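Lifted from TrEMBL, the feature list:
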type: SIGNAL; residues: 1-17; note: signal peptide
type: DOMAIN; residues: 20-222; note: domain 'Apextrin C-terminal'
type: REGION; residues: 39-61; note: region 'Disordered'
type: COMPBIAS; residues: 41-52; note: compositional bias 'Basic and acidic residues'
């Protein structure tokens, strides 16, 4: 009898476990690491040399290196296997809400729309570099990153995502999307971009950013 009860308990626990949605996509890596089995990568941006004003939020949780230049680390889910919610027998999709992720695999998951941000990095003696697996984009002397954003639900209505490890989403509106069972705080990365003839740009359904000659991208950290 005890074994039967234990088996039922384990089945219920597995049934209610929340999995990452199906498809390919990228998240910014927190200092606690990537989800198991995800691919990792990094982008080094050579920022403005003269009177550099790079900045990021106090007490941030980003994995990378942030001084006069910016190295951001990434976690990418690159397996296309279908993820099933065994309580409903439906494929696990990203829930409705107001938030962004980073695009991977040439298209956005169902429910998202595509946008991008282009950083005009330092022109003089440019030392941009990258390695590993990155979100869709362009990684030459300048940086362009593709995003997937949605606004089909209220940011105040908690969505269900895995809660076993901290993670980042990219903010879409003035408020962070709430996630069931997780605390959230806003964080940001500001890059001091090329001063001369700056060509920063943004288009489509892009995240919440401060635009201009320097770009600030706003993130939501869940723990």
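Each residue, glycine too, has its Cβ placed from N, Cα and C.
Curation does not apply to TrEMBL; its annotations are automatic.
Secondary structure of the region 'Disordered' (39-61) per DSSP, as helix, strand and coil residue counts: 0 helix, 9 strand, 14 coil. A mean pLDDT of 96 is what the model gives for the domain 'Apextrin C-terminal' (20-222).
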